[in-house]
Amino acid sequence: MFVDSMEEHKLWVIVPAAGVGSRMGGERPKQYLKLIDRSVLEHTLDRLLSAPGISQIYLPLHPQDKWWPEIADKYTGKVISVAGGEERSTSVLNALEKIESHAAIEDWVLVHDVARPCFRISDISNLMRLLWNTQPGGLLGVPVADTVKRTNEKGEVLATVSRANLWRAYTPQMFRFGALLSALRQGSEKGVHITDEASAIEAQGLKPVMVEGHSDNIKITHPQDLPLAEIFLRRIMQEEE
């Protein structure tokens, strides 16, 4: 069984949640907005903790986060909060450095967006299964289906971009502990623009593996995303029953 083979290298899980979600509007960050019966953050944490092989999560939070204490007790021993940074990459790096003294360089780190509660447990299991014996790791994504245009600064179309081998990058993303720690540290030192963990790994000349997931694993970014996420999440949870 695959889960049994995970004993050789430990899996560490990080959910960066220090963002303020300015595009959603309002005072409450998007991860604390209600989705069905609980917050977006709670759905994400609860679903991750129900996945095989995941028993603990590191959660980088904004220093002035006043909402986490309201729900922290239910995650005692399961979720460890750490100081988040202004950038996602800084938050993940802070968590890695918190873990560093306990981790081996060949351990795995799985990073997931807090605002993506609509993932499938089966997709995480598939990601782990396909990447477990690879270097340096990879990520979930879906092939680009829409026609893609390149424009100039005026919005005028310059060209139609071929969709061949183009993917939309999602999370979770999973990489070897040592490789990700080194990539984020060097990226920070060199001022590299890091949009996700895969981009940090790519900047090191390494080639992450893309694993196909589902397009309904959306990131809640704008107000109109919440009702759509509710539809997707209800359907996914029903499928998983």
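Here the Cβ of each residue, glycine as well, is placed from N, Cα and C on the backbone.
Under the heading site 'Transition state stabilizer', Swiss-Prot lists R23 (among others), citing sequence analysis as support.
As annotated by Swiss-Prot, site 'Transition state stabilizer' applies to K30 (among others), with the evidence given as sequence analysis. The DSSP secondary structure for K30 (site 'Transition state stabilizer') is helix.
In the three-state DSSP scheme, R163 (site 'Positions MEP for the nucleophilic attack') falls into the coil class. Counting every protein chain shown, the number of other Cβ atoms lying within 10 Å of the Cβ of R163 (site 'Positions MEP for the nucleophilic attack') is 13. Taken from Swiss-Prot, the feature site 'Positions MEP for the nucleophilic attack' applies to R163 (among others).
Look at K219 (site 'Positions MEP for the nucleophilic attack'): DSSP puts it in coil. Here Swiss-Prot flags K219 (among others) as site 'Positions MEP for the nucleophilic attack', drawing on sequence analysis.
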Among K30, K219 [recorded sites], residue with fewest other Cβ within 10 Å: K219
Separation of alpha carbons, K30 (site 'Transition state stabilizer') and R163 (site 'Positions MEP for the nucleophilic attack') (Å): 31
Spatial separation of K219 (site 'Positions MEP for the nucleophilic attack') from K30 (site 'Transition state stabilizer') - C-alpha basis, Å: 10
